[in-house]
Structures are given as structure tokens and as C-alpha cells.
Amino acid sequence: LQSLAGSSCVRLVEQHRSAWCFALLVLGYLLYLVFGAVVFSSVELPYEDLLRQELGKLKQRFLEEHGCLSEQQLEQFLMRVLEASNYGVSVLSNASGNWNWDFTSSLFFASTVLSTTGYGHTVPLSDGGKAFCIIYSVIGIPFTLLFLTAVVQRIIVYVTRRPVLYFHIRWGFSKQVVAIIHAMVLGFITVSCFFLIPAAIFSVLEDDWNFLESFYFCFISLSTIGLGDYVPGEGYNQKFRELYKIGITCYLLMGLIAMLVVLETFCELHELKKFRKLFYVKKDKEEDQVHIMEHDQLSFSSISDQAASMKDDQKANEPFVNSQSPTSNDSSLNN
């Protein structure tokens, strides 16, 4: 009895394997969210508390040194300054020379909107700008996805599929092994060209950034997270700011394409395809048979329709022949 019960349980699990895998996937994702929340809270909460204490002491010291200024007036001023800062406008004298809506900055903003990065450091101020941003995004984001898909599909033929086939056919290596090695090499080249080298460049061009902060900006940008805590080209007296902004825009587009090529390359690996199939919903045999029968009926009817139309065309194209009527044939036989 125990063996029968065990075999029935195994059979039940095998029949609903995709459902169990999907349930484990959902549970794992929720646990990962909770894990991230716990870690971020435990790491960042002490720094937030320390910053709050420092700001409170600084505010109290400022009010003590300026007795003619009330706390309410100071808070109104700070609220207005913070509101303007949320729109990308700073009250500081060293930032007054940078305009957020010149052509190069607007081009950079448009690229962040269409790529769904959205740093949030610059936002539309007017109602017309907000309305246009909605319409522009509704049309532009699907257009960007179409553009990126078309570009990636063309690049991956020359970067991934042809090299793998070349080593597989020319040198006789296993296709799966070649694909894994190629994906690892392509990932290393992408990390070097679009993360490590740009991070070193940003750490030199940006005065307040170290290498870790620059690498952090590259990752947050190319992964389209776009937190907006680090935005290049916003420093005081940035040299060649217009050209710098255009270069960053090109870097973001090229880096996003490279990231998609790498992801597509890894998704084409045989092992990952087998892993993804664990979470797919399998079709029932009856549904497959119905689809096959419908396909066969449609194909048979289409073939019969094509044959009938071909016969009609042949009759229409045949030369006209004066045929005798049945009555004339009968009369000739009688004679």
C-alpha cells in the first residue's frame, strides 16, 4: 500500500509539474522581495537616522544664529527650494549656469524617457510639457521597443549565431559547449566595454564620483532602473557640456543594445531553454488534436479552393471553340 501511495504521489507531481514549478517560482520571487527589503532597511536606515539628526542640528543652529528669522519662514523657504529641486532647478549659485531644457539636455531627457530609464532629475514644468510627454511616451516607447528588437535581431546574427555555427561546423566542436563559451566571452567583452571602461572615464570626468559610484551609475542606467541619484554632466562648470550630453546619450543607446544582445544570447542557450520550459503551461493532447484537425481542415479547404480556382482559370484561358449543339449531333446521327 505504501508503494502504491508513493507511486500515485509521484505520478500526481509529474502530471502537475509545471504548476508546482510556477508556484515555487512565485514563492521564490516573493521571498526575494522580502529579502531585499530586509537588507536595504537594515543597511540604509542607520544612515537615514544619522542624516536626520545632522539636519535637525543644522537647522536649530541656523535659527539660533538668525534670531530675526522664524522657524515657519525658514520652513516655507526650504519647501520652495525642495520643490524647485524636484523639478531640476537648484538655488545654489554654482548650479545656476546649467540649463535643464536646452537642446542637448532635452535630447538626453528624450532618450531617458524612450528607454524607460527616467532618472527623474529633470521633469516637465508646464502642463503642455506634461501632456506632450504622455503622448510622446505612448508612441515612442513601443517604437523604441520595435527599433531595439529589429537592431538586436540583426546584430545577433553576426555576433552570436554565425560564430557559433562556424566553430561548430568548421572545427567540429559541440554546439552547446561553443554557445556557452561564446556567451561567457561576449558577456565579459560587454562588461568591459560598457561598464568597466566607462566607469573609469566617468570617475575622471566627474569630480565627485569615484570608480564605484561611476560603475553604479553605468549599471543603474543600462539596466533601465534609473534612480537618478547620479546624473553625469550636471556639475559646476562642466567642460564641453553639450558634447558630453550627446556622448552620454549615444552611450546609453549603444549600451542598451549591447545588454539586449547579451541577454538574447544567453536566452538562446539550450540549458536555459530547458529551464524556462519548467514554468510553461503544457497543452493538452485533446487541444493539440483539435488544433491539428482544424489546421488540416483549413489546409484541405484551401487546397480544394485553389484547385477549383485553377480549373476556372484554365477554362477561362482556353481558346474559344465552336462546338455543335446536342440537337445537331442527334440529327447527324439520324441521317
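Cβ from N, Cα, C; glycine included.
According to TrEMBL, the protein carries these features:
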- 320-335: compositional bias 'Polar residues' (COMPBIAS)
- 93-155: domain 'Potassium channel' (DOMAIN)
- 191-267: domain 'Potassium channel' (DOMAIN)
- N94: N-linked glycosylation site (CARBOHYD)
- 305-335: region 'Disordered' (REGION)
- 20-43: transmembrane segment (TRANSMEM)
- 134-156: transmembrane segment (TRANSMEM)
- 177-202: transmembrane segment (TRANSMEM)
- 214-231: transmembrane segment (TRANSMEM)
- 243-263: transmembrane segment (TRANSMEM)
**OP:** Determine whether the transmembrane segment (243-263) and the transmembrane segment (177-202) share at least three Cβ pairs under 8 Å, counting only pairs 6 or more apart in sequence.
**Re:** yes
Original post:
Any idea what the model's mean pLDDT is for the domain 'Potassium channel' (93-155)?
Top reply: 84
